[in-house]
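Have a look at the structure below, then the notes.
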């Protein structure tokens, strides 16, 4: 039995957490395969809001095993804080021994480099994600499995400090004392090591037996992918569906159905091109009605209309079999609603993605709005204009929309 996959097809914050939480009731294994605690999922169940950054959204299913894969960069401090929200995680949380660690100095490097970039800042969350991935690629990172031998890991980190001493001093970053570092590592070892296993072999065994239903959960979104996003204004990992293979140790044939997640409009956090951004009254209204502030940083998100060109590109690169359209209710009350169906690029109309997205202008289709869809749970009860809007998006992105969210609550979801 293959593993199904959920992936964001915009700039992140699409509402993946709600869909994973909804579908996780049907799966007994949920896996996270990339990113770090820069990502944030907000889930509302029975009126209670839960924010997750590292632990997969399946944690709310008491029968599900949740896996943090090798492609994730893990801040032990952030993970420990997140774990405190739950009473008992024994047997419900597994962490890959190959996942790389984020330490405080990674966060300090991140923030220092952003300051140095000035007006050219990328707009990172300052959580140390990029520096941790940079250490991983340059073969000087530290993996969570190394916590089993504190003496060796302690020495390796001190050697790392010595090797990078000039760099750290140039950035104004101080080192922790040897004793502070050792105490920190001992705490992480004590709490986290009981959850650390070879998750790749664990998943292989499950797939071979064919009895488990496995769901793979991406973080951020396609347009933030390190290779296929709006570089350099991207995250430091492969956010697309293919990242699940390297981020969990799976083969392409192990991937089953791919479900893309998109908002009924677009948002972006941080800097970088955003063709459909609306800096006027409509954009501000989207932000207010959608409560568009980052789960991780609290920063106001940039808001704009649905970009069908970007969504079609993302659907194709991820191989989406179907799509979930989130936060349709945020568009309630708009007299007119826009969708970018094409771009104007170098004097020509195009319907495909380009690498220099900052040089395109959106060409819009305009739709009549509707009064209210909030809380609607069946297709037949949707206003006609809302149905027309959804069907137009389906046609433009060439992907079926099978799920429609009409409020943050898990139950307010239309299945087609």
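Here the Cβ of each residue, glycine as well, is placed from N, Cα and C on the backbone.
Keep in mind that what you see is a predicted model, and the values were worked out from it rather than measured.
Cross-referencing 299, 316, 372 with the IMP binding residues that Swiss-Prot gives (13, 14, 15, 16, 38, 39, 40, 41, 125, 139, 220, 235) picks out 299. Among 13, 14, 15, 16, 38, 39, 40, 41, 125, 139, 220, 235, 299, the residues given in the record as binding IMP, the maximal Cα to Cα distance rounds to 34 Å. Of all the recorded positions given, namely 38, 41, 125, 220, 298, those whose Cα is no farther than the 10 Å limit from the Cα of residue 13 (Mg(2+) binding site) are 41, 220. The two recorded residues, residue 406 (GTP binding site) and residue 298 (substrate binding site), have Cα atoms 23 Å apart. Restricting the binding-site residues 12, 40, 298, 328 to those with a CA within 10 Å of the CA of residue 220 (IMP binding site) leaves 12, 40, listed by sequence position. Nearest in space to residue 298 (substrate binding site), taking C-alpha to C-alpha distance over the binding-site residues 12, 18, 328, is 12. Set side by side, the binding-site residues 12, 40, 299, 300 differ in how many other CB atoms lie within 10 angstroms of their CB, and the most is found at 12. Checking each of the recorded positions 38, 41, 125, 300 against residue 15 (GTP binding site) by C-alpha distance, the shortest gap belongs to 41.
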